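According to TrEMBL, the features are:
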- 32-51: transmembrane segment (TRANSMEM)
- 58-77: transmembrane segment (TRANSMEM)
- 198-218: transmembrane segment (TRANSMEM)
- 200-477: domain 'Amino acid permease/ SLC12A' (DOMAIN)
- 238-264: transmembrane segment (TRANSMEM)
- 284-302: transmembrane segment (TRANSMEM)
- 338-356: transmembrane segment (TRANSMEM)
- 362-384: transmembrane segment (TRANSMEM)
- 396-420: transmembrane segment (TRANSMEM)
- 491-609: domain 'SLC12A transporter C-terminal' (DOMAIN)
- 622-754: domain 'SLC12A transporter C-terminal' (DOMAIN)
- 721-831: region 'Disordered' (REGION)
- 724-741: compositional bias 'Basic and acidic residues' (COMPBIAS)
- 761-773: compositional bias 'Acidic residues' (COMPBIAS)
- 780-791: compositional bias 'Low complexity' (COMPBIAS)
- 798-821: compositional bias 'Basic and acidic residues' (COMPBIAS)
- 850-918: domain 'SLC12A transporter C-terminal' (DOMAIN)
Amino acid sequence: MGEPTLAYLFPAMAIFKAEDASGEAAALLNNMRVYGTCVLTCMATVVFVGVKYVNKFALVFLGCVILSILAIYAGVIKSAFDPPNFPICLLGNRTLSRHGFDVCAKLAWEGNETVTTQLWGLFCSSRFLNATCDEYFTRNNVTEIQGIPGAASGLIKENLWSSYLTKGVIVERRGMPSVGLADGTPVDMDHPYVFSDMTSYFTLLVGIYFPSVTGIMAGSNRSGDLRDAQKSIPTGTILAIATTSAVYISSVVLFGACIEGVVLRDKFGEAVNGNLVVGTLAWPSPWVIVIGSFFSTCGAGLQSLTGAPRLLQAISRDGIVPFLQVFGHGKANGEPTWALLLTACICEIGILIASLDEVAPILSMFFLMCYMFVNLACAVQTLLRTPNWRPRFRYYHWTLSFLGMSLCLALMFICSWYYALVAMLIAGLIYKYIEYRGAEKEWGDGIRGLSLSAARYALLRLEEGPPHTKNWRPQLLVLVRVDQDQNVVHPQLLSLTSQLKAGKGLTIVGSVLEGTFLDNHPQAQRAEESIRRLMEAEKVKGFCQVVISSNLRDGVSHLIQSGGLGGLQHNTVLVGWPRNWRQKEDHQTWRNFIELVRETTAGHLALLVTKNVSMFPGNPERFSEGSIDVWWIVHDGGMLMLLPFLLRHHKVWRKCKMRIFTVAQMDDNSIQMKKDLTTFLYHLRITAEVEVVEMHESDISAYTYEKTLVMEQRSQILKQMHLTKNEREREIQSITDESRGSIRRKNPANTRLRLNVPEETAGDSEEKPEEEVQLIHDQSAPSCPSSSPSPGEEPEREGEADPEKVHLTWTKDKSVAEKNKGPSPVSSEGIKDFFSMKPEWENLNQSNVRRMHTAVRLNEVIVKKSRDAKLVLLNMPGPPRNRNGDENYMEFLEVLTEHLDRVMLVRGGGREVITIYS
């Protein structure tokens with residue numbers, strides 16, 4: 001606005017005067033800053049008085065703009081048959097600045113004498129004819145052409161193609177004869193040439209042109225002042241954009257058809273002595289364009305100062321951005337006083353910059369980003385089929401919104417990729433701030449709907465099949481107790497959950513309240529709030545579920561069965577040890593615990609039982625040294641190895657080393673077992689110390705029904721090591737020999753008692769141990785789908801493999817049942833039969849000497865080796881089939897873990913959870 005005021009309306013009002021040509025640009029910018037600030041103050045005052053005055057002025061401004069546009073079209077028509085006199089001077093093909101000379105010629109006639117002109121003095125050392133002149137001036141002629149030849153001149157053919165310039169080069173006319181200089185000859189910047197003041201390219205011009213069409217949101221910003229916004233906004237916006245686009249594009253084409261290219265590229269009008277080119281083209285007078293430009297700028301400024309503060313005030317009153325709430329206040333009639341003040345300050349920054357070329361790309365970025373998000377919101381709401389998204393405009397389609405979003409994003413990076421990145425960074429920071437501190441409003445959040453759709457898609461994908469072993473991680477169901485005040489009894493369980501999960505995977509914290517839903521619903525809500533607060537304090541990312549049941553036993557069962565959703569379900573249950581289970585009044589607690597163990601086993605869920613949970617470290621604590629000891633008595637699918645690895649990712653356990661103790665019988669090859677286990681850990685990329693502890697078979701009899709210590713464990717290790725078939729057969733044969741000798745030394749009666757098989761079946765099994773050996777050999781060998789089955793072997797049928805049970809061993813009775821069949825794939829029924837066998841816990845009280853022999857001996861060894869360990873993990877044997885032995889089972893676990901500070905009993909879910917593959 002300051003530019004037309006100073007350059008054309010009132011040039012004598014300039015405060016800063018330029019002493020020479022070099023300071024002219026700086027003086028102009030300073031004058032624009034002063035007068036631009038004055039005009040901004042006047043417009044802000046008008047808006048402050050009231051929007052009704054802006055609407056009255058708007059009609060006057062609109063009339064002036066329409067008259068200016070009509071004057072331009074009339075001038076174009078007139079130029080076709082009567083072009084205006086608008087000369088420009090060229091030296092060769094170089095455009096000359098009119099400042100410093102008046103006659104476009106080297107020599108002039110005064111009477112009968114030839115004299116030099118002012119132009120001669122600018123290029124030569126003196127005004128005499130024998131003076132030394134610039135080489136280019138000497139070689140080329142001076143030509144005067146018309147800057148506006150008119151619409152009938154055919155100039156559109158030359159101006160149709162692009163001609164971008166770099167900063168500091170001379171503006172030249174294409175097609176003019178010129179005698180050039182040798183390459184590398186410098187150009188004297190003091191000569192009166194017209195130089196390009198900046199590097200131009202297409203995207204820069206788009207950024208400068210784009211603010212002229214940014215009024216598309218004007219109707220939306222003033223929707224509160226419209227009588228029928230739903231009808232007025234679409235109609236008015238489309239008509240306004242269509243009208244302005246037609247005017248802008250037609251003006252560009254008509255200017256190219258009427259005006260010389262060197263004049264169009266002369267930004268400051270130096271070649272035409274600073275005259276207004278469009279004003280010269282217009283009819284009937286240039287003053288129509290000058291006044292129209294002034295009022296057009298005033299009108300656009302008033303519209304911006306009217307719409308932007310109202311939008312800011314609405315955002316502030318909604319509380320979306322908390323630190324902007326002060327700008328929601330205004331006058332009694334609702335005028336946004338403080339928002340107007342902030343808007344005026346932002347406008348003042350642009351005035352102080354005083355360069356449209358610098359400000360326009362920045363404005364374009366934020367306008368484009370605003371339009372991009374509006375289009376994105378419309379497209380997302382349509383694609384999500386949100387019930388409350390009901391656009392009234394009948395011709396709307398989501399592809400139009402998506403196309404608009406794509407164009408806006410592309411233009412952002414085409415115009416200026418670094419401005420685009422900065423704008424998107426600012427938008428991202430504002431969004432995260434709103435998400436963290438902003439208020440939730442009744443119009444909702446489109447991103448939340450997108451999250452729901454993505455979550456649904458992901459859950460359906462999870463239903464396609466079980467996760468691969470390399471993707472397995474404990475998805476925890478944490479069972480906690482709450483007291484009478486609905487506070488968690490053992491918050492250390494959630495601390496351990498946070499250390500074990502580190503925010504990854506699924507975590508469900510569940511609790512059970514006794515009673516009826518109608519009576520206890522308020523208590524359940526308070527319990528959920530208490531658990532959520534504790535989860536937030538312990539940084540546990542997950543869900544909370546409180547169940548009301550007539551008894552705790554059924555409530556826990558419901559949680560285990562119904563926790564999770566679809567494929568996103570828990571695979572591991574974390575629970576605390578019933579500490580006071582020996583007390584008579586608390587007998588139901590340990591019975592519920594054993595039923596929990598049975599249900600997790602039946603559901604193929606892993607079980608983690610923490611004993612002395614109150615001694616477990618909280619998240620603020622740090623262990624500077626110590627170890628996590630793993631007692632690997634039977635193979636559980638790798639749970640015992642995976643848990644310490646996960647714990648050591650947390651800063652509480654990071655400095656603890658990992659030690660693995662495996663138990664071998666006296667007749668096992670302990671040295672070879674240690675070597676194999678070390679190799680296995682190396683392939684798993686787990687760093688741990690390995691130690692083999694030798695014990696008598698009677699000392700670990702509680703675990704013998706899950707016998708994977710020798711044959712199965714070793715065969716799985718060899719599988720993971722990728723040995724060749726011959727090497728595997730040699731290794732398995734050595735295991736077979738050791739096992740055969742061990743079987744012959746065992747008492748047949750004890751074997752029959754432990755396996756619950758008939759005597760004749762057990763006898764057959766003893767007579768034919770090779771059958772079991774052959775079955776294990778077949779299970780260990782990898783199957784190749786592309787190879788043909790050997791004679792007598794049935795081909796494997798698709799879908800028979802059960803990935804959760806492929807690492808379990810066969811029972812003796814199953815091997816006898818397969819005696820008359822050839823080698824065949826392992827059936828899941830045999831595995832189930834085997835795992836259903838339990839030790840006879842009810843027979844443990846027959847003698848005071850043998851009652852807890854196993855637990856005592858194991859406990860002595862564990863305490864001796866792991867007394868100073870920060871955490872001890874060991875296998876948890878299965879519960880008895882006969883419920884008469886439940887109390888002995890609890891006693892066994894109690895004795896097994898005595899004199900240990902922190903213990904975690906681990907029972908696998910019946911599938912492999914760790915692999916050597918990345």
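Each residue, glycine too, has its Cβ placed from N, Cα and C.
Counting only same-chain residues 6+ beyond the ends of the transmembrane segment (198-218), those with a CB under 8 A from a CB of the stretch are 162, 164-167, 237, 240-241, 244-245, 248, 267, 300, 303, 307, 356-357, 360-361, 363-364, 367-368, 370-371, 374, 411, 414-416.
Most Cβ pairs under 8 A with the transmembrane segment (362-384) among the ranges 32-51, 238-264, 338-356, 396-420 are made by 396-420. For the transmembrane segment (396-420), same-chain residues at least 6 beyond its ends with a Cβ under 8 Å from one of its own Cβ atoms are 203-204, 206-207, 210, 361-362, 364-365, 368-369, 371-372, 375-376, 378-379, 382-383. Residues of the domain 'SLC12A transporter C-terminal' (850-918) grouped by DSSP class, helix first, strand second and coil last, total 28 helix, 10 strand, 31 coil. Under 8 Å from some Cβ of the transmembrane segment (338-356) lie the Cβ atoms of residues 2, 29-30, 32-33, 36-37, 40-41, 44, 47-48, 208, 301, 304-305, 308-310, 312-313, 316, 326-330, 363, all in the same chain and six or more residues away from its ends. Across the domain 'SLC12A transporter C-terminal' (491-609), the prediction's mean pLDDT works out to 86.
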